[in-house]
Amino acid sequence: MPVMKGLLAPQNTFLDTIANHFDGTHSNFLLGNAQGRQGYPIVYCSDGFCELTGFVRTEVMQKTCTCRFLHGAETSERVRQQMDKALEGQQEYQGEVCFYMKNGKPFWCLLDIVPIKNEKGEVVLFLFSFKDVTESYGKSHQHSNRRGVEATGILLTLERGRTVLYHLTNQFSKRGKGKLPTSVFQKPSLPEYKVAAVQKSRFILLHYSLSKALWDWLILLATFYVAVTVPFNVCFVSHQDDTDWDSRSTIASDIAVEMLFILDIILNFRTTFVSQSGQVVYDARSIYLHYCGTWFFIDLIAALPFDLLYAFNITVTSLVHLLKTVRLLRLLRLLQKLDRYSQYSAVVLTLLMSVFALLAHWMACVWYVIGRKEIESSDPVTWDIGWLQELGKRLETPYINSTMGGPSMPSAYIASLYFTLSSLTSVGFGNVCANTDAEKIFSICIMLMGALMHAVVFGNVTAIIQRMYSRRSLYHTRMKDIKDFIRVHRLPQLLKQRMLEYFQTTWSVNNGINANELLHDFPDELRADIAMHLNKDILQLPVFERASRGCLRSLSLHIKTSFCAPGEYLIRQGDALQANYFVCSGSLEVLKDEMVLAILGKGDLIGADLTAQDQVIKTNADVKALTYCDLQHISVRALREVLGLYPEYGSRFSSDIHHNLTYNLREGSEAEGLTRFSRSPRLSQVNVCLFITILQMGITMTYQSATDR
C-alpha cells in the first residue's frame, strides 16, 4: 500500500497523559464521575491501584470514589469528612489516610484529589491519586497517641506540596522580573478532559508535508548524481593524465552533495514517522531512537566528506577514489522510497529506465578500465589491438606508450557508453568491438546481461507492475470506488473523512485481506486453531477459564475484529445490543445524558449479560471512542448458539459474566449493580463504624505529619 500520512484525527488522550505524567513513580489512581447523582461513581481504575489494594477492576468500577470499600478501623473520620467536603465543593485536597486492602491488611497512603475540567470549564471528573507511604511509618506510629500534635501536623501536611499537580505540570513561573513576586509559584494548570489537538514542536518536520516531499526528490537527484560521478571518477579520472580533467573539476558539486547528505541526516532526526500501530510519532526521543536503529549508520557512512581532502589541497591516491564508492550505499535508501513512488506508473517507468541507463554507465566505466589495462599490459599483441588503441588510431591520436597519447577522456567515455548501450539493447554494430580475450569475455557477459534486461525491463514491464503492485491496484480501485460513491451521493465532509480514514486504517491492519474468505476453504480443525491464535487475548479472559477447549474453539470462529476512530459512537443508548466487545487497544467512554459513567481501556470487556429468554437487549448508555481503538467482538446471537451447544458451561457463563463486565449495558443493570454494591459485607462494615473511622483518619494524618518533622 502507498505510504500513508498515518492516523491524524484529534484524540482524547487524557488517560494516557495522566499515566505518562506519573512517570512510573506511582501509577495508583482512580477517576470518579463528578457529575453523578449517586455518590460520584468510579469510572476508571489503574492497574497500579488494583495491585496496591488487591481488588480487581470489575470489583471497583461504579463504586463511590470516596473509597469506602477501603475503610477500616484505623481510617480517620476527620479525613472522610474532608474528602466529602472537597467532593461537594469540587475542590482540591491532599491528606494521609490509612486504608485497608482486600485481605484486610492496612496501608498508609498520601491521597490527592484533583478536579478535572472539560473544554467548557465544567468539572466532569475527580482524579484520586494514592501514593503508598507505608514504609515511612513504623508500627509504633500507627498505634501511638496522635492528639497532641494535630495543629502542627496540619501545617506539615500542607507543606508537602501538590504531588499530583507537580507530576502533571512540573512547571512554575514568577509574576515579575527584577522584583519579589507576590507568589513565588503560580498555580499549575489542571489537565482537561477533552479532545486535544496534536502537540508537537515547531522544529519537528512532518514526513507527509510538501516541503519534505520536495526535499526527498532533491536527495533522490543527489543520489543519482553520486551513482554517476563516483564510478566515473574511480574509473576515468584516476587513469587520466590530463590535468584539466581531475577530481578538482567537480569539487564544488561533490562538496555540495555531501553537505546535502549531512543536512539530510540532521533533518531525519527531526522528521516524524508512522509507527507499526499506524500512529504518527512526534516525540523527539522516539524519532531519534527509530532513526538510529534503521538508516543512520548507512547515511553516515555515505556522507563521509572525502572531497574535503581536495578542498584543503591534500595529495590523495587512487585509494581515496575507491573509498568514495561507499556513497553508493545511498542507493539502499532509494529502495526504501520506491514504495512511495511506485503508486505512479510514470514514475515507475522513469525509475526503471534510469536504472537501466545507470547500469549502462557502470558497464561503460568497467569497459574503459579493461581497455586501460590492455594498454598498460606488457604483451605487445594485446597492446596494439585493444579497443582503446583502435579508437585512438581512428581519431589519429594513437597511444605512444601506456602514459602518452590516446583519445581524450570525453571521446573515450562516449565510445564506452555507446558500446555498452548497443550491447545491452542489441548485439552491437561493430564499429567499437572487442578484440582481446578480456574484452570478449566482458562482451559476452554484457550481452547476457542485456538479454536479461530486455526480458525484465522492456519485455515484462506490465507483468512486473501487475505482480508487484496488484495489492496496491486493488487498494486504489477500492479507494476510487469510495470517492465516486462520496461524489455521487454528495456526502458531507465529516462523513467523507470518516469513511476514508476507516478504510485506510482497516486496510493498514489487514492489507485488504478478508480473513473469513481466505480461511473458508481450509479444514474446520485448522480454521479453529488459527482463530484461537488470532483471538487468544479475548479467550484468556476469566469468564472463559471454565470453558472446554471445544467451546473455546467454537467461540473463536465467531469472534470478529473491528476498528473505531476518535469521536465515533460504538453503541448508542436505546439500540439493540448486537455484540459484546473486548478492547484490544485504545480507550472509550461510556456516556449517559452527557455524563461519563465509565472509561474503558485495554483489556476491558463491555456488553451485557444474557437474559434467560431469547429477547432483545436494549442498551442503557452510549459508548464513544476517545482514541483509535482496536476491538474484538462476538455477536449475542452467536454467543447464545455456542452456549446452547455447551449447556454445562452456559449456566456458569451466565453467573460469571456479571463479574467480568467492566460495564453492563443492559437496561436495568444500573439499579442491580447499586443494590449489589450496597449489600457488600465490606460496605456494611464501613457503615457501622463510619463515624469512628473518619475521626481516626484525621488524627492519624496529623500525628504522622508531625513525626516527619
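Each Cβ is built from the backbone N, Cα and C atoms, and glycine gets one as well.
Annotations in TrEMBL come from automatic prediction, not curation.
According to TrEMBL, the domain 'PAS' annotation covers 14-90. Model confidence over the domain 'PAS' (14-90) stands at 80, taken as the mean pLDDT rounded to a whole number.
Annotated domain 'PAC' per TrEMBL: 93-145, in sequence order.
If you look up TrEMBL, you'll see 217-239 (among others) marked as transmembrane segment.
Per TrEMBL, transmembrane segment is recorded for 251-267 (among others).
Residues or ranges marked as transmembrane segment by TrEMBL: 312-332 (among others).
Annotation source TrEMBL lists transmembrane segment at 344-370 (among others). Tertiary neighbourhood of the transmembrane segment (344-370): same-chain residues 224, 227-228, 231-232, 234-236, 239, 338, 387-388, 412-413, 416-417, 419-421, 423-424, 438-439, 442, 446, 449, 453, 457, 461, 465, selected by CB-CB distance under 8 Å and a gap of 6+ residues from either end.
According to TrEMBL, the feature transmembrane segment maps to 441-465 (among others).
Residues annotated as domain 'Cyclic nucleotide-binding' in TrEMBL: 543-660. Counting residues per DSSP class in helix, strand and coil order gives 34 helix, 44 strand, 40 coil for the domain 'Cyclic nucleotide-binding' (543-660).
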Structural state census, the domain 'PAC' (93-145) (DSSP three-state): 8 helix, 30 strand, 15 coil
